[in-house]
Amino acid sequence: MVLHNPNNWHWVNKDASTWAKSYFNENLPKISAEDNGVSAKIDSVLEVDGDVDVSQRKGKVITLFDIKIRLEFNGKTADDKTVSGTITIPEVAHDTEEDEYVFEISVYSDSREKEPVKDLVRQKIVPQLRKALGKFADDLIVEHGKDIQHASSASPTPPSASPAPTKAASSASQKPGTPVISHRGQVVNTVILCDTAEFQTTDQELYTTFVDPQRVAAFTRAPPQVFEPSIGGKFELFGGNVEGQFLELEKPKKVVMKWRLGGWPAGHFSKLTLVFDQGYDTTLLRYTWEGVPIGQEDVAKKNFNEYYVKSIKTTFGYFALLPAVIVLVAYYLYLEGFDGRNMKMVGDW
């Protein structure tokens, strides 16, 4: 950072929000806990949203920040049932004390048998998060205070020719990633997308919908040019506008693919991870999309929601069924002569 500020007298401000996202992404996923066969760990940082500044005037360095953090955790019950969910911290601010942080814990497809993991997160993970967040302000000053102040008798130093890229965590379900080089030598700046969609079906059925060639042909409205549902197998869909390769197939819980749109830089692939989390009567699809080129976020997300999520629901009827059931039952009762006003059968039942 270039400075011309004799005796560190004038106000100097530095935006450290990108560094903060990277800081949380590096440190918070290290947190885990285990007790009586129940385990849980912070898996990823989904969102870091807000302002983080380091400032100095009259020789004093201060921090001003106010951010919201959303984390994803994974765990297992004593009987080895997988549980996932989120932890939202609505306010992490420069004037917030360690014991004042609020933690909102939510479990995907919540049910009674998942409560032990949720309790472990509350009792063992949250205290560790408090300590980690409490260190943030000091670490922020140590990292960034040094380049907004001159040391005594020091001269301003010239800027470096090319600052090193910084890996960052999510913001609004997106997080800038480290620039990557495609196999054709292009440097591509990327982001990570995270989202969810709920389907009225089982995890087994939903998993099969993504890997069975006949089902894929049904929701894409055409037989795929190439579709090899095995590890290392390739696929081409939508007239070649989507192509990729299967990296992991964990029936019925997970599918991991190399995935690209035709308009992306030549040779550049993202990594799309689909996780199927079954609840009582629905399955939650959680996807993490690593390596989406910057500027293509909205296009990729819109196309996925339109041509995968919406098309699958429309084709196979994986919408919520309750309204349709009510209509059918009401129509059946009407045909059978049920008088709703008198709550009795009025025909020859």
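Positions of Cβ are set from backbone N, Cα and C atoms, glycine also.
According to TrEMBL, the feature compositional bias 'Low complexity' maps to 163-173.
Helix, strand and coil content of the domain 'Activator of Hsp90 ATPase AHSA1-like N-terminal' (13-146), in residues and according to DSSP, is 51 helix, 60 strand, 23 coil. Positions annotated as domain 'Activator of Hsp90 ATPase AHSA1-like N-terminal' by TrEMBL: 13-146.
For 148-181, the entry in TrEMBL reads region 'Disordered'.
The transmembrane segment feature in TrEMBL is assigned to 316-335.
Taken as a whole, the domain 'Activator of Hsp90 ATPase AHSA1-like N-terminal' (13-146) shows an average pLDDT of 88 in this prediction.
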